[in-house]
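A.B. asks: Copying in the features that TrEMBL gives for the protein in this structure:
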type	residues	note
TRANSMEM	40-68	transmembrane segment
TRANSMEM	88-105	transmembrane segment
TRANSMEM	112-134	transmembrane segment
TRANSMEM	154-171	transmembrane segment
TRANSMEM	197-219	transmembrane segment
TRANSMEM	225-245	transmembrane segment
TRANSMEM	349-371	transmembrane segment
TRANSMEM	391-410	transmembrane segment
TRANSMEM	431-451	transmembrane segment
TRANSMEM	511-534	transmembrane segment
TRANSMEM	554-572	transmembrane segment
Amino acid sequence: MACLELSKRGKFKEDQDACTLDGTVDMHGRPAIRTKSGRWVAGIIILLNQGLATLAFFGVGVNLVLFLTRVVGENNADAANSVSKWTGTVYIFSLIGAFLSDSYWGRYKTCAIFQVIFVIGLVSLSLSSYLFLLKPRGCGDEFTPCGAHSSMEMGLFYLSIYLVALGNGGYQPNIVSFGADQFDEENPKEGHSKVSFFSYFYLALNLGELISNTILVYFEDEGMWALGFWVSAGSAFAALVLFLVGTPRYRHFKPSGNPLSRFSQVIVAAVKKWRVEVPSNAKDLYSVAGNESSTNGNRRILHTHGFKFLDKAAFISSRDFVDQNQCIRNPWRLCPITQVEEVKCILRLLPIWLCTIIYSVVFTQMASLFVEQGAVMKTTISHFRIPPASMSSFDILSVALFIFLYRRILDPLVGRIKKSDSKGLTELQRMGIGLVIAVMAMVSAGIVECYRLKYAIKDCKTCDGSSSLSIIWQIPQYAFIGASEVFMYVGQLEFFNAQTPDGLKSFGSALCMTSISLGNYVSSLLVSIVMKISTEDHMPGWIPGNLNKGHLDRFFFLLAALTTVDLVVYIGSAKWYKCIKLEGKFEEADEEDDIKV
């Protein structure tokens, strides 16, 4: 309506189509003009910002365990434990960032504030390392240990790295949602671009990680820690400046207020009316105009079947209003149907989200057991030594290749086979394919381990479990993991962004990060359980210090079996799932995004 009024005044040449239809606004809070905001101009700025920020983060994170052992002086176990705590904290902070974004600050302000914190943390880390920790000069490489450090110096170091964790954690789930906000999914052309954005976003993330895992890792491994940290700080500062430059171009969704109170109101109101019989006609349930809704003008969610008990919260009774004129409702007794549907959306997402945790367990093996497996294989080709951790480069290359293959070949091919205007495979279908490929990755790793054991040098007491099988044989398992990421993680980003209400998009992105965090914890727990059981009767266990005496292949096959079971549960959850129905969108059948078996 606002766009139409402005058009009549002659301020814009276009009619109501000049404005976006998804409820986004510009930096001044006015309805966003399609031709002057968002789209790929803003999208490319955010992609570059993500690539630079990822380079900065992994410039610290990828080699933090070596910094703790070589510079800080921690032993291997303590260093690994410290890195695990630090990594887990990053994902916890992602939930805090998502909450502040969806509730109060909005995505733009949240991204800007946490990026500033990120830069401050990196600058502080660079300064503290250069001035206090890297003493004597030249220490920190593989051969020269650093001296002891005071409590103040160590306190400044840990403050710095946790500022980095806070900055990156709070920023990460919001930037992907903010980037998706730049495309109006109510417009067919922009809706297609929005789907493509998630693939390019994940590609930008991987390219940033590739640079940090190759160039920065080399400098830091040679003891040039201060240089590596300063490059990370410079990259993060460039990302912040680039983000701020794009300010006039961005589109915004208004924050919706505290979701915890809205969810609690629905539960309390439904419990208070537990004896009420819900009418069969959804039109009899309480609904309000957009400006009055609990989601601050965002698109309303239409009523869906399922979770009938929660519909009681929207049943109107005479006791639901605080005055006799029935003008002011009691929010703890009567909730709009959109507010009720918010709770339903999250409840429907939880089974799908839980099924992604086992996949994250598989994904985390790339940074742990895959590296340990590679370390006891033949790592030399001619006179060139391949660092086992660098094999993850094949994962990143696989991600880039499969993003291209999917977007340019597979997606159009599926669309032609379906003979419709659909976008090809749905998000749920792609996530299922990702689980299938994850099973293939674990089977591949298990087969490689069987052959590694066959060619193991078992009689060499100083070889620490080495094998004559070349590390090149690990390429397929890394390639499978990369392919599965394109289907699972990209599909997951799209799915949670599309299926969460406008006021909870950042929370949806945070769910993806939390899945990875829980995957790390579940992996650690699984390894502990396996070792406890497999070391009974004085056996060396499946994953001993000398892998030649163990059965790492059995652990990989176990993960393949668990992922297969998870796939079966996931298919059932996906067929049960019903899509969110936004006003003016999703008029098609509820089963559109079900997996077709």
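A Cβ is built for glycine as well, from the same backbone N, Cα and C atoms used for every other residue.
Whatever TrEMBL says is automated annotation, not expert-curated.
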A.B. asks: Any residues 6+ beyond the ends of the transmembrane segment (112-134) with a Cβ under 8 Å from its own?
C.D. replies: 53, 56-57, 60, 71-72, 97, 105, 140, 146, 149-150, 153, 156-157, 159-171, 174, 225-226, 229-230, 232-233, 236-237, 239-240, 243-244
A.B. asks: So if I exclude everything within five residues of the ends of the transmembrane segment (349-371), which remaining residues of that chain have a CB under 8 angstroms from its CBs? That is, six or more out.
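C.D. replies: Same-chain residues near the transmembrane segment (349-371) but 6 or more away: 388-389, 391-392, 395, 428, 431, 434-435, 438, 441-442, 445, 474, 477-478, 481, 484-485, 488, 492, 495-496, 499-500, 508, 511-512, 515-516, 518-520, 522-523, 526, 543, 552, 555-556, 559, 562-563, 566, 569-570, 573-574, 576-577.
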A.B. asks: Contact between the transmembrane segment (154-171) and the transmembrane segment (197-219) is defined here as three or more C-beta pairs under 8 Å separated by at least 6 residues; is that satisfied?
C.D. replies: no
A.B. asks: Among the recorded stretches 154-171, 225-245, 511-534, which has the greatest number of Cβ pairs closer than 8 Å to the transmembrane segment (40-68)?
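C.D. replies: Between the candidates 154-171, 225-245, 511-534, the best contact partner of the transmembrane segment (40-68) is 225-245.
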A.B. asks: Can you tell me which parts of the same chain pack against the transmembrane segment (154-171), counting only residues 6+ beyond its ends and a CB-CB cutoff under 8 A?
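C.D. replies: Non-local partners: 53, 57, 60, 64, 72, 86, 89-94, 96-97, 100, 110-111, 113-122, 124-125, 128-129, 132-133, 513.
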